Amino acid sequence: MAMAMAVEGGGVGSEPEVVSIPATPRGMSTPEGTTTPPAGRRGVGGTTPARRMVEGLRGYLEEVGHLTRLNPQDAWLPITESRSGNARYAAFHTLNAGLGFQALLLPLAFPALGWSWGIISLTVAYFWQLYTLWILVKLHEAVPGRRYNRYVELAQAAFGEKLGMWLSLFPTIYLSAGSATALILVGGETMKLFYQIVCGPICSPSPISTIEWYLVFTSLAIVLSQLPNLNSIAGVSLIGGTTAITYCTMSWVLSVSQPRPPTVSYEPLAYTSLGSSLFSTLNALGIIAFAFRGHNLALEIQATMPSTFKHPGHVPMWRGAKVAYALIAVCLFPVAMPQGGMLTALYAFHSHDIPRGLLAATFLLVVFNCLSSFQIYSMPVFDSFEAAYTGRTNRPCSVWVRSGFRVFYGFVSLFISVALPFLSSLAGLLGGLTLPVTFAYPCFMWICIKKPERFSSGWYLNWGLGLLGTAFSLALCVGGVWSIISSGMKFKFFKPPS
């Protein structure tokens, strides 16, 4: 928040109140050029019937929003179809999007960084991404008469239509569709572990294959994806956030409650050369960056909220986001410190020490969280499918068309999971590729849209963080590629683990 206040003091805090608008109701058109009368003239003059009528109309406009030209298509799409969100929904969605299986990969970063630098890096990344989230929340309604409901829309407004599309399309597609694919991998393999723990030696003679578990997980995810819009999955996000908090806590508590196995060392890894140490450090930083995903959904979450002159949508959105990220911090830091992948370590080292019921419950919570995260990360893809359909046909999707899109997407994600089973092992590289969405682009967007005074504190802060984030992105991609080469990872297509 100190950084946020610094930016507000950097020439942008004195700007007029942001004007925000609600979604266009179905069947209503908006008069072109209609605007809200100036607020400063309210209450001047006599109390004639005409004056009272005008004053009543002005009060109504301030309550319900600003009449301007809107795209009626927004009322047909999953993200903007319902504008009944609130701070609780924002907290549920933000927690579900920001905390998940990627938290369990954080311990893999600490052997290269060491305890001290690992904690410092995680702390800096946490506050950096919290600041850029604040930027996105503010920029959602930064232009009077316009709400940027999707990350790509804001990028186009800041960088230009073509450049914004090229810069933001790939990382946001990966963070949505790629995360759904990774969730199938993690969810399916965790279901298999849960089955093995529950059944024990009874199930070993006829085990179910990993691909079959992927299919089971995908089928459950498709059934759950039939909920129509982002607001309708608020309960699903609550379940996802709650299960993530629970299994993160159970993972580190169960691990530290057991004695350290004699073959496990908590000392930082020793490297034979400076190059090996440097690239391993970069790969570890990429894993930390990958842990802070979810910013590609911030604008979409805020789009589900009503926004008026008196009650702008950024207020409940930021309130919910602060609660969510306080809980995320409580989970991420304890999980990051035990070294080694948490689920793998639990099963490999403590499956005989921990009661089977607790171990099975932990894995089951991971499955529930993956199913819930699949919904919120897939919603922007569903929105894109339906936007293309409604733009071509000029009518909303029927129930069958909407359902067909979601079934198709689910099985395409399943196909990619089977074809690329090594995808979840590329966390360092993928963290570098998607890092600008969280750490760099929002800073440049603030400069392009808010235009802070040159050489002010806000100007220096955002240019510095934006350029540093871009440089880190390039460096982390190099570190991720080196890690793949040095570890001898073999890309086995269409060969998931048995």
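Cβ from N, Cα, C; glycine included.
Please treat TrEMBL annotations as automatic predictions, because they have not gone through curation.
As recorded in TrEMBL, the features of this protein are as follows:
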REGION    1-48  region 'Disordered'
DOMAIN    84-485  domain 'Amino acid transporter transmembrane'
TRANSMEM  89-109  transmembrane segment
TRANSMEM  115-137  transmembrane segment
TRANSMEM  166-187  transmembrane segment
TRANSMEM  229-254  transmembrane segment
TRANSMEM  274-292  transmembrane segment
TRANSMEM  323-349  transmembrane segment
TRANSMEM  361-382  transmembrane segment
TRANSMEM  403-423  transmembrane segment
TRANSMEM  429-449  transmembrane segment
TRANSMEM  461-485  transmembrane segment
Does the transmembrane segment (89-109) come near the transmembrane segment (461-485), with 3+ Cβ pairs under 8 Å (pairs 6 or more apart)? no
Segment proximity, the transmembrane segment (274-292) to the transmembrane segment (461-485), 3 or more C-beta pairs under 8 Å: yes
Which stretch, 115-137, 229-254, 361-382, tops the Cβ pairs under 8 Å count with the transmembrane segment (429-449)? 115-137
Answer yes if the transmembrane segment (166-187) and the transmembrane segment (274-292) have at least three CB pairs under 8 Å among residue pairs 6 or more apart in sequence, and no otherwise. no
Under 8 angstroms, Cβ to Cβ: which one of 115-137, 274-292, 361-382, 403-423 has the largest number of such pairs with the transmembrane segment (229-254)? 361-382
May I ask for the residues of the chain that lie six or more residues beyond the transmembrane segment (274-292) and have a Cβ under 8 Å from a Cβ within it? 98, 102-103, 105-106, 108-113, 118, 121-122, 125-126, 129, 332, 427-432, 434-435, 438-439, 472, 475-480, 482-483, 486
